[in-house]
Amino acid sequence: MAFRLVLASQSPRRRELLDQLGVAHEVRPANTDESVHPGEPARAYVLRVAREKARAVEGELVLAADTAVVLRGEVLGKPRDAEDARRMLAALSGTAHEVLTGVCVRRRPGRGSAVELDAVVSTAVRFAPLGPAEISWYVATGEPLDKAGAYAIQGVGGAFVLGVEGSVSNVVGLPLAETAELLRRAGHPLPWDAPGGPAQGGGAP
């Protein structure tokens with residue numbers, strides 16, 4: 001039996017990515033503290049926050065995620081303000097960095113015990129060198145202000161990305177392949193699992 005999926009996020013990017021999967025869902029944003037604990041490793045941080053988001057929302061099947069940009073061990077979340085966004089972009093300029101997303105699927109059928117399935121996905125991103133004028137212009141667009149690491153690969157910020165190694169959807173905010181696998185393991189069928197779904201192989205009849 002498939003449960004109605006609840007997305008514990010207000011991110012429009014995650015909603016759009018779930019729509020790409022063809023997975024019906026409703027949105028119930030989680031209100032959790034996303035601060036990094038002192039000395040907390042980046043992988044532990046994104047996984048902890050994803051789990052806390054999943055636990056903060058009611059539902060029989062809840063999906064939550066948290067994304068962070070990591071540069072030389074520093075976790076870059078969403079910038080506090082425009083000045084913080086400029087600082088992040090200047091630090092990322094001309095470097096390679098890591099994007100981590102923690103994903104948690106929490107299933108709690110009826111009054112039964114909850115089961116959590118989770119994963120952390122890593123993508124390497126190479127950034128172009130950016131001058132002060134480019135950074136100021138980009139920050140003035142407003143795009144960086146609600147994005148981890150102060151850029152959006154699916155937006156104007158994609159012009160600054162020289163290369164990506166790994167999942168691109170992970171950089172946007174939700175790694176699709178890994179999320180699909182977690183949903184399947186939680187007992188939630190995917191559109192192509194259903195009888196009469198897309199044919200396997202893709203060959204001509």
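Going from the start of the chain as shown, residues are counted 1 onward.
From the backbone N, Cα and C atoms, a Cβ is placed for every residue, glycine too.
What Swiss-Prot says about this protein:
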- D66: active site, proton acceptor (ACT_SITE)
- R13: site 'Important for substrate specificity' (SITE)
- T67: site 'Important for substrate specificity' (SITE)
- Q154: site 'Important for substrate specificity' (SITE)
- prompt: How many Å lie between the Cα of D66 (active site, proton acceptor) and the Cα of Q154 (site 'Important for substrate specificity')?
  reply: 17
Message: Within its own chain, what residues at least 6 apart in sequence put their Cβ under 8 Å from the Cβ of R13 (site 'Important for substrate specificity'), listed in sequence order?
response: A152, Q154, V172, G173, L174
- request: Write out the long-range same-chain contacts of T67 (site 'Important for substrate specificity'), meaning residues 6 or more apart in sequence whose Cβ is under 8 Å from its Cβ.
  value: V46, V99, L100, T101, A148, N170, V171, G173
T67 (site 'Important for substrate specificity'): secondary structure state under DSSP, collapsed to three categories: strand
